[in-house]
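Visitor: Feature list, courtesy of TrEMBL:
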BINDING   GLU71, ASP132, ILE134, ASP135, ASP284  Mg(2+) binding site
Amino acid sequence: MSYDKELAAAKKACSLAARLCQKVQKALLQSDVHAKSDKSPVTVADYGSQAVVSFVLQKELSSSPFSLVAEEDSGDLRKEDGQETLQRITKLVNETLANGGTASPLSDQDVLAAIDSGKSEGGSLGQHWVLDPIDGTKGFLRGDQYAIALGLLDEGKVVLGVLACPNLPLQSLACHDQHTIQGKAGCLFFAQVGTGTYMQSLDGSEPRKVHVSSTENPEEASFFESYEAAHSMHDLTSLIAKKLGVKAPPVRIDSQAKYGALSRGDGAIYMRFPHRGYCEKIWDHAAGSVVVTEAGGVVTDAAGKPLDFSRGRYLDLDTGIIVTNQKLMPTLLNAVQESLKEKASSL
């Protein structure tokens with residue numbers, strides 16, 4: 001089955017949402033008065049991104065039943081103290097849509113409705129879009145990496161994914177610290193099941209097919225992990241890296257931009273081990289997982305099982321998520337399981 005129409009709509013939606021986010025981030029970084037505790041810019045971008053994606057998908061695919069599983073709902077914006085923020089979001093959404101050739105101005109109520117269309121629970125029946133409107137909010141606030149991540153589930157399986165990564169360089173990170181990389185940034189990764197993964201610039205260059213690293217030697221396999229220590233147990237990943245004999249230091253990046261970078265071979269391994277009690281949400285991995293698997297990679301939990309996106313808004317998985325190429329996976333899985341046993345016995 002082809003999802004060409006859905007993929008075209010998803011690419012358009014994510015590209016426009018990325019434009020909105022870039023505008024907010026640029027204003028945020030130029031602002032001298034911005035305090036780190038002020039989360040309003042990321043709030044405006046988050047809601048605005050979700051409204052744009054929801055509106056564009058429904059407009060482009062008007063004949064299909066629409067179901068969206070997304071992170072935000074409009075509860076706070078409907079309160080008295082949310083009115084000013086809502087007006088800012090509506091203005092930004094309308095400017096973004098107008099620049100993208102969609103002229104119908106939305107009212108505050110239209111924007112609230114677009115945001116609230118993301119309340120679906122997903123599941124194993126029918127088609128459901130899965131969206132993280134800004135994945136990597138801390139990266140966004142720092143002026144670093146973030147992603148607009150959109151996937152489509154069909155009968156519980158991810159069949160396409162789009163990652164818009166406005167700050168990811170078009171050239172390979174090549175295992176350097178991303179802060180030292182100069183040059184053009186802004187990548188759009190997209191994949192449809194059975195057709196491979198492609199990358200183009202956000203401003204619309206010719207797409208090129210990408211493939212995960214072909215490294216077979218674990219010692220040469222650089223790895224990605226979450227920038228924030230709160231998001232993943234860095235001590236566990238460093239123990240696993242030591243077992244594998246990995247020489248390069250980890251490359252720490254916010255968001256599903258890691259999946260995009262991995263899909264084009266910038267590194268060979270991505271490991272994520274959240275702290276006990278944390279439940280992974282499907283929007284944090286749906287788009288990224290299909291982008292990597294269609295580029296020839298493998299995405300599993302720590303027990304080696306594929307991720308199951310059919311169970312609603314959360315992933316039911318064992319301990320963590322590991323991503324690499326097919327040749328490295330058996331060695332990596334072995335090192336992960338040994339390290340987990342060692343860590344458990346030392347507690």
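Each residue's number is its place along the chain shown, starting with 1.
Just so it is clear, glycine is given a Cβ too, placed from its N, Cα and C backbone atoms.
A description of the local structural setting of each listed feature is requested, covering burial, neighbours and distances.
Guide: For ASP135 (Mg(2+) binding site), the same-chain residues that are 6 or more apart in sequence and have a Cβ closer than 8 Å to its Cβ are TYR146, ALA147, ILE148, ALA149, ASP254, SER255, GLN256, TRP283, ASP284.
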Visitor: Which one of these binding-site residues has the most other Cβ atoms within 10 Å of its own Cβ: GLU71, ASP132, ASP284?
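Guide: Going through GLU71, ASP132, ASP284 one by one, the largest Cβ count within 10 Å is at ASP132.
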Visitor: Tell me the Cβ neighbour count for ILE134 (Mg(2+) binding site), meaning other Cβ atoms within 10 Å of its Cβ, over all protein chains shown.
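Guide: Neighbour count, Cβ to Cβ under the 10 Å cut-off: 29.
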